[in-house]
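K.L.:
If you scroll down you'll find the structure; I have some questions about it.
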Amino acid sequence: MDTRPIGFLDSGVGGLTVVCELIRQLPHEKIVYIGDSARAPYGPRPKKQIKEYTWELVNFLLTQNVKMIVFACNTATAVAWEEVKAALDIPVLGVVLPGASAAIKSTTKGQVGVIGTPMTVASDIYRKKIQLLAPSIQVRSLACPKFVPIVESNEMCSSIAKKIVYDSLAPLVGKIDTLVLGCTHYPLLRPIIQNVMGPSVKLIDSGAECVRDISVLLNYFDINGNYHQKAVEHRFFTTANPEIFQEIASIWLKQKINVEHVTL
């Protein structure tokens, strides 16, 4: 038994979609979450800067005595995950491979779409992972840079959000049967995305998919939390306004949480 928390990092609030699924599947595990909303989005930034920011988040989580770090951010996974994983002596998990694997299982026509930040799409990481495992699958990637600002400003239900999603996804409509939400912010726009793509298109939440891998690693390294502990204390940190973060988090997690401000 290991009661240390699991650390989550993201460029902002998007990683809460992963946390929500972890709380549902593994309610006995403690969580420490750091969202760098003050510098979001990461997607348009240079690789060097993304790597620097990611390491700052990682080092913060290490001060919290975490037993595992989850990159709840596709952009950080694409740019820095391999380097961080090689440098640390605790498990470090990204969200890309679980999402890619789920897309392979989902598609029936071999036509998969991937939406993400400009950096995630430019890295071509999803296509590489998918076609490494299933070379016959055709992957269409599309950058959606306007999605993260919508979520970070808590405008997910606005009319402008609907227009932006509709306009952004137009190149993929009718061309795929599976769509990977290759940014953990995007599930917060899921109802609009599903409406635009149509009911026949399966949406893959890369963050939610990675929770299964978290469970596997906890078992493999024998670092599961206390199964008998009914109430666990989670800690949430943001580099931006805690009130905005708290508002979005409370809606998504369906519970009131305390959010602390941190300067990196």
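Just so you know, the numbers here start at 1 and follow the chain as drawn.
Glycine residues also receive a Cβ, built from the backbone N, Cα and C atoms like all the rest.
Features from Swiss-Prot:
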ACT_SITE  Cys73  active site, proton donor/acceptor
ACT_SITE  Cys183  active site, proton donor/acceptor
BINDING   Asp10, Ser11, Tyr42, Gly43, Asn74, Thr75, Thr184, His185  substrate binding site
K.L.:
Rounded to whole angstrom, what's the largest C-alpha distance between any two of Asp10, Ser11, Tyr42, Gly43, Asn74, Thr75, Thr184, His185, listed as binding substrate?
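P.N.:
Spelled out: the longest distance between any two Cα atoms in Asp10, Ser11, Tyr42, Gly43, Asn74, Thr75, Thr184, His185 is 12 Å.
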K.L.:
Same chain, not part of Asp10, Ser11, Tyr42, Gly43, Asn74, Thr75, Thr184, His185: whose C-beta falls within 8 angstroms of the C-beta centre of the substrate site? Give them in sequence order.
P.N.:
Gly12, Gly14, Gly15, Ala40, Pro41, Cys73, Ala76, Thr117, Thr120, Val148, Cys183
K.L.:
Expressed to the nearest Å, what is the distance separating Thr184 (substrate binding site) and Cys73 (active site, proton donor/acceptor) at their Cα atoms?
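P.N.:
Between the alpha carbons of Thr184 (substrate binding site) and Cys73 (active site, proton donor/acceptor) there are 6 Å.
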K.L.:
Once the DSSP letters are reduced so that anything not helix or strand counts as coil, what is Thr75 (substrate binding site)?
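P.N.:
Thr75 (substrate binding site) sits in a helix per DSSP.
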K.L.:
Same-chain residues six or more away whose CB lies under 8 A from the CB of Tyr42 (substrate binding site)?
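P.N.:
Once residues fewer than 6 apart are set aside, Tyr42 (substrate binding site) is near Ser11, Asp36, Ile50, Tyr53, Cys73, Thr75, Ala76, Thr117, Met119.
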K.L.:
Quick one: give me the count of other CB atoms within 10 A of the CB of Cys183 (active site, proton donor/acceptor).
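P.N.:
A 10 Å sphere around the Cβ of Cys183 (active site, proton donor/acceptor) contains 33 other Cβ atoms.
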K.L.:
What three-state secondary structure does DSSP assign to Gly43 (substrate binding site)?
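P.N.:
Assignment for Gly43 (substrate binding site) reads coil.
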K.L.:
Round to the nearest Å and give the CA-to-CA distance linking Asp10 (substrate binding site) with Cys183 (active site, proton donor/acceptor).
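P.N.:
Counting only the Cα atoms, the answer is 10 Å.
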